[in-house]
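Take a look at the structure below.
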Amino acid sequence: MASKAMPRAPPAAPNLQSLKLCSQNDSSLETTSPSKRSALVPGRSAESSKPNPEVVQKEQKSTQHQNESIDLTGSNDPAEVKAEGNLVPKRLADEEKGVVEDGIANGSLKSSSALGKEHGIASASGSARLVGRSETGERGFSSSRCRPSTSSDVSDESACSSISSVTKPHKANDSRWEAIQMIRTRDGILGLSHFKLLKKLGCGDIGSVYLSELSGTKSYFAMKVMDKASLASRKKLLRAQTEKEILQCLDHPFLPTLYTHFETDKFSCLVMEFCPGGDLHTLRQRQRGKYFPEQAVKFYVAEILLAMEYLHMLGIIYRDLKPENVLVREDGHIMLSDFDLSLRCAVSPTLIRSSNPDAEALRKNNQAYCVQPACVEPSCMIQPSCATPTTCFGPRFFSKSKKDRKPKPEVVNQVSPWPELIAEPSDARSMSFVGTHEYLAPEIIKGEGHGSAVDWWTFGIFLYELLFGKTPFKGSGNRATLFNVIGQPLRFPEYPVVSFSARDLIRGLLVKEPQQRLGCKRGATEIKQHPFFEGVNWALIRCASPPEVPRPVEIERPPKQPVSTSEPAAAPSDAAQKSSDSYLEFDFF
């Protein structure tokens, strides 16, 4: 029975003026003394730490299993701690029963049950809710194939940073790491007191993002601040924990870097890379016609495809691709953000070999595609004309003459020596109802369970929106949009005109049956071989010139008010109060 529900506004941004800088550990993350721990171990007494030989083998066998099946969320609520094996926490089980909250229930043409039967939309008891364009849904539990988090991923520190945030290969030369290491060397720990919050950048479902400066340096970061009490009351602590765990394991040029994270009594903070170029949604709105040229689209989606490929190799299903979540760095390249809706699953990478006629033809001609940066023109990295055979090798000084050479036997259907890495978590299944209306895959709306194929559906919607300035199934309302996704065929507008390969790629990605969808079997490897990406040098894509480089950002600082020692300061007028409202919550720092 559906109920009419008003769309819920995003949570209020935390009042940073009320932040308390604490230097003690959070009471919710308690440790056990060695003497108490010894009393809890089978075969040991509290007086003696000598192990019982009869239970040593049992301890060794069970220790690894227990460590891999327990996830501490930092909450005092026992329901927030995952049980061992495939058991589902009570809180998550309760959320899954009402995972659809209020999206399909608002209509007058037909009853919800009739519409669900006609279009195959899954029904749910109780109230229903589906997130809007800027709102995200609740993350439910996944199948038993999903990999549980380990307790080692959770920091036991409160007001100081996690020691697990260390320099990673792709950011080895980042000046921001040097600034952070300098503060750590000087003070030992890194906490909220070391940052100055300058302005608010945006607000999401579980927190707000602020532009921050590391004190004593000119290094700027994006700090995501989450109110722990609000997360607990809205049952979103697990989502915040999932995002932190995913960010900790990422090391990719097109994915965010988690420099540090820390907690106070009230807030949980993630310190990440600041992207001054904004997001692709804002950038698209500034384009003529509100859509990108096809060459620019090819650049952006190629980098996103590599980021998605990396995530799937780690067993991470993103589930929230949209222009608002694609940020533009200062050099014009992109960065994928927001991982609170992501799903972590098991994956088995496979290395296979496949035939490649182009590579075989090059082998016969004694040539190869050059992989040296000095041999490639970066400005035309994604132009088809740049994909011409070349070689970095000089002539052989002691080669035999052609008369002395013996002809090599022709090999029919020879397999290319270039292997393909397939790492697609295709067996993952989740019943969660998460995402954005216009980007939801049909299998999510029908409630049939979904896996990694939903990322390739959203990738197709994303490609369509960048090319045409709108999504393909958008209706007059959220309810109509869902019905269009299920029952309406894919159509292309007459204008703007795009290439046949672009339309063909979108058709392959927006197949309503997930088993027939492009990328379902071989993942990003299959998509990268589509003619739309012809001429893209995947190995050197970071050397390509971006379509647009954002202008340098000038950081505006609040003016310092002079302090008079002779007369008491007068109360500010209403106009002055309104003009300085944007800085009031940062005065504390």
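Numbering starts at 1 and runs along the chain as it is shown here.
Using the three backbone atoms N, Cα and C, a Cβ is placed for every residue, glycine included.
Under the heading region 'Disordered', Swiss-Prot lists 1-167 (among others).
Summarising the annotation, Swiss-Prot assigns compositional bias 'Polar residues' to 15-36 (among others).
Under the heading compositional bias 'Polar residues', Swiss-Prot lists 63-76 (among others).
Taken from Swiss-Prot, the feature compositional bias 'Basic and acidic residues' applies to 91-100.
According to Swiss-Prot, the compositional bias 'Low complexity' annotation covers 142-165.
Residues or ranges marked as domain 'Protein kinase' by Swiss-Prot on the basis of sequence analysis: 195-533.
The secondary structure of Gly207 (ATP binding site), as reduced to three states from DSSP, is coil rather than helix or strand. Positions annotated as ATP binding site by Swiss-Prot: Leu201, Gly202, Cys203, Gly204, Asp205, Ile206, Gly207, Ser208, Val209, Lys224.
The active site, proton acceptor annotation in Swiss-Prot covers Asp320. Asp320 (active site, proton acceptor) is surrounded by 24 other CB atoms, counting those within 10 A of its CB over all protein chains shown.
According to Swiss-Prot, the feature region 'Disordered' maps to 551-589 (among others).
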Cα of Val209 (ATP binding site) to Cα of Asp320 (active site, proton acceptor), in Å and rounded, measures 18
Neighbouring CB atoms within 10 angstroms of the CB of Cys203 (ATP binding site), all protein chains considered, total 15
Within 10 Å, the Cβ with the most other Cβ atoms among the binding-site residues Leu201, Val209 is that of Val209
What DSSP gives for Asp320 (active site, proton acceptor), in three states, is coil
Gly207 (ATP binding site), Cβ-centred 10 Å count of other Cβ atoms over all protein chains shown, is 26
